[in-house]
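Trainee: Quick one: the structure is below, and I'll ask about it shortly.
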Amino acid sequence: MICCDKVLSSVQSMPVIDKCSVTKCLQTAKQAAVLALSLFAVFASGSLSILSAAVLFSGTAAVLPYLLILTTALLGFVCAVIVLLRNLSAVVQSCKKRSPEEIEGAARPSDQQESGGRLSEESASPQASPTSSTFGLESALRSIGDSVSGAFDDINKDNSRSRSHSF
């Protein structure tokens with residue numbers, strides 16, 4: 001999030017952008033979204049497993065539907081845990097690959113000077129105020145929305161091409 005905050009603050013104040021690239025920010029935002037969705041899937045499928053097992057073992061309902069629900073929920077739970085663990089390990093590996101200089105540079109961007117201009121004060125302390133952290137979250141959500149919108153645009157283009165070729 002610090003990366004996205006630095007890039008967008010730099011673009012607004014018009015100096016040269018730091019070493020963070022927009023693709024790194026998009027990758028971080030996508031990883032965060034996948035982590036959040038897989039965590040939600042783990043909780044949802046786990047709770048569905050518990051509820052269906054409780055109904056199944058209480059003996060008050062038909063066995064087959066709840067048995068199917070239980071097996072499907074358990075399969076979803078296992079898959080969601082696998083996805084969650086893979087993404088967590090990817091995030092940990094990307095954090096380990098970052099050098100200490102990059103981490104310090106991200107923590108203290110006011111020390112860096114490029115092309116004679118200093119970065120703006122709001123990017124110099126990205127954690128100083130709640131508005132800067134909100135700005136980072138807003139930019140991450142905006143990039144996710146742009147990615148989803150671009151994907152839907154591509155799907156619509158493909159659908160329109162296939163319709164025009166089918167006639």
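Just so you know, glycine gets a Cβ as well, placed from its N, Cα and C.
Note that this is a predicted model, so its numbers are computed, not measured.
So Swiss-Prot says this about it:
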type	residues	note
COMPBIAS	122-134	compositional bias 'Low complexity'
REGION	97-136	region 'Disordered'
REGION	148-167	region 'Disordered'
MOTIF	161-166	motif 'Phosphorylation-dependent binding motif'
SITE	Ser166	site 'Interacts with 14-3-3 beta'
TRANSMEM	37-57	transmembrane segment
TRANSMEM	63-83	transmembrane segment
Trainee: Using DSSP, what's the helix, strand and coil tally for the region 'Disordered' (148-167)?
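Mentor: In the region 'Disordered' (148-167), the DSSP-based counts are 19 helix, 0 strand, 1 coil.
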Trainee: Looking only at the motif 'Phosphorylation-dependent binding motif' (161-166), report the model's average pLDDT.
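Mentor: 68, rounded to a whole number.
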